[in-house]
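Okay, so here's the structure we're looking at.
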Amino acid sequence: MTTTSAFMLNVRLDNVAVVAIDVPGEKVNTLKAEFAAQVRAILKQIRENKALQGVVFISAKADNFIAGADINMIGHCQNAQEAETLARQGQQLMAEIQALPVPVIAAIHGACLGGGLEMALACHRRICTDDVKTVLGLPEVQLGLLPGSGGTQRLPRLVGVSTALDMILTGKQLRARQALKAGLVDDVVPQTILLEAAVELAKKERLAQRTLPVRERILAGPLGRALLFRLVRKKTAQKTQGNYPATERIIDVIETGLAQGSSSGYDAEARAFGELAMTPQSQALRAVFFASTEVKKDPGSDAPPGPLNSVGILGGGLMGGGIAWVTACKGGLPVRIKDINTQGINHALKYSWDLLETKVRRRHIKASERDKQLALISGSTDYRGFSHRDLVIEAVFEDLPLKQQMVAEVEQNCATHTIFASNTSSLPIGDIAANAARPEQVIGLHFFSPVEKMPLVEVIPHASTSAQTIATTVKLAKKQGKTPIVVSDKAGFYVNRILAPYINEAIRMLTEGERVEHIDAALVKFGFPVGPIQLLDEVGIDTGTKIIPVLEAAYGERFSAPANVVASILNDDRKGRKNGRGFYLYGEKGRKSKKQVDPAIYKLIGVQGQSRLSAQQVAERCVMLMLNEAARCFDEKVIRSARDGDIGAVFGIGFPPFLGGPFRYMDALGPGEMVATLQRLAALYGPRYAPCEQLVRMAERREHFWTNGETDQGN
């Protein structure tokens, strides 16, 4: 229990009560069940003070309002009834705030999410700052839940049903101007005058009722509502493939509230919250949330990180440009790019310009902020400006002698403490460091494409990499907004190693006659964001298959792909989306056109293209190989823990989050079931499915990857 209250009441001389929210000992405000008594005590004082003109809720934290409710509360619930009770308690508290007899204003700066936004919705008006840190949303769906403290009922009545459905079903976060346009907030002001603006609004005796736009009023009526909900159900089912029960319950609860009234809506919301909290999907999604939070706190090693004030990048291509952007614009670090010609430097600069200009157009940042961030990036065709760089990231071609040459040049032109980080996806870091004068300062830092979107990076120390080099590189990755996992220096590292057999099997099924769209649809239905064939097209067929010979040389035949198929496709100049033709055909750039499977692909690989396997059989063949390889990586200590393996797969390749990652999924299936399934597939399709020793041992001992002490709760 906290001894200091998280909610402090101060009555100003002008008779406006200011309630400051400041959870003791925490960087971020989150709502906990034990705060209810504190809030009620303050509400009692407010009701008893007849001289009060209004109330303002504001955060005392530097950059957040309330980031949500403490998710650990849900994990403590033993059954659906306890979770439902938790929701009803939240609903009651919000109702008491809404029922205050004077104007109540939420003054919002920073993150206002989940339970924080539900509290703001219970206030009579909302004002927020124009700061980039200010975002408002209800992200509970991302944890397999719905808003449980009245959010499903208040939001549709405030912003309209279609806007509310979009926000709650996606968990999207609105920036200040978007929130103002939607009617979620009443005003947007600079942070310096937030409190005074809120106080002035609180002093107004009568707050005008906001009128919904005509479109929203039509959709709220019986006919418009019926049409809207029918369309939303259909679209949501297509998107979720039935894997996320929370989305269907969200639609039901919002519809109930609009059709039968708020009281029925609140009842439905609390019941749905309780039931969803007990679903395996919500438990898995919460586990992913806690695991990712832990990974972000993990320093990578016990050593303190070295200096990290500026970064160099070798290569201005697609990866180099993306790395420059996340380093400068996310991390706030000065970046110097070296390329063999000015064209490469200009490409990297344009990469950042385009991303920042899009933000300016969408009014996410001001032009002055764009210029400030761009000023952090500079370039050169030689090593001028590199002498003081603390870390240099190499993003040149996958050529070992070239990368070794880069190491030598950096050691010659940079400081003695400078770290050399290679963005290789396939070459051993130990080989890259083989001729280094300071091998302890050489490390792998594997980004995924597109760099600005993919959240994961693999940090790969080789045998001689120092603990400080690891810590410094992990620190950089976090500054870049990435989630880093430390993996061993073995062929394919972790993510590409478990991805390769999955894609290989999809190609193998193509050679057996299965249709491209059938294979992709089967894996999307299983829960992946895109199918394996489409993924190969997106990555680039030439790029995606380059690692297969490396893995086959290291691990043997289980990594062999139908070589003639890959060769035939590449020889036909099919690289995927980047050149407009792969397994799919793509329209002209800039034109919206649906991708279509190229029927010529079947003739090219010598098959008819007639599917014989069920979607479940297709998914099983691909996924079981991925799981088996993940278990091998665990056994060989390629990954440090099941936690890192789950996060790597979910964030790196889109492994279905509602399954919790490959290791939680294998635990759910049970090692005995895993071994039996792999043995059955091995009998049908060959020894590549033979269960690895790790799984066989675990089946014999009835062990799990996640130990009993590791729950779906945070520490």
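Every residue gets a Cβ built from N, Cα and C, even glycine.
As written in Swiss-Prot, here are the features:
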REGION    1-190  region 'Enoyl-CoA hydratase'
REGION    306-715  region '3-hydroxyacyl-CoA dehydrogenase'
SITE      GLU118  site 'Important for catalytic activity'
SITE      GLU140  site 'Important for catalytic activity'
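Of all Cβ atoms in the protein chains displayed, 28 besides its own lie within 10 Å of the Cβ of GLU140 (site 'Important for catalytic activity').
Here the C-alpha separation of GLU118 (site 'Important for catalytic activity') and GLU140 (site 'Important for catalytic activity') works out to 11 Å. When pLDDT is averaged over the region '3-hydroxyacyl-CoA dehydrogenase' (306-715), the result is 93. GLU118 (site 'Important for catalytic activity') has a Cβ environment of 29 other Cβ atoms inside 10 Å.
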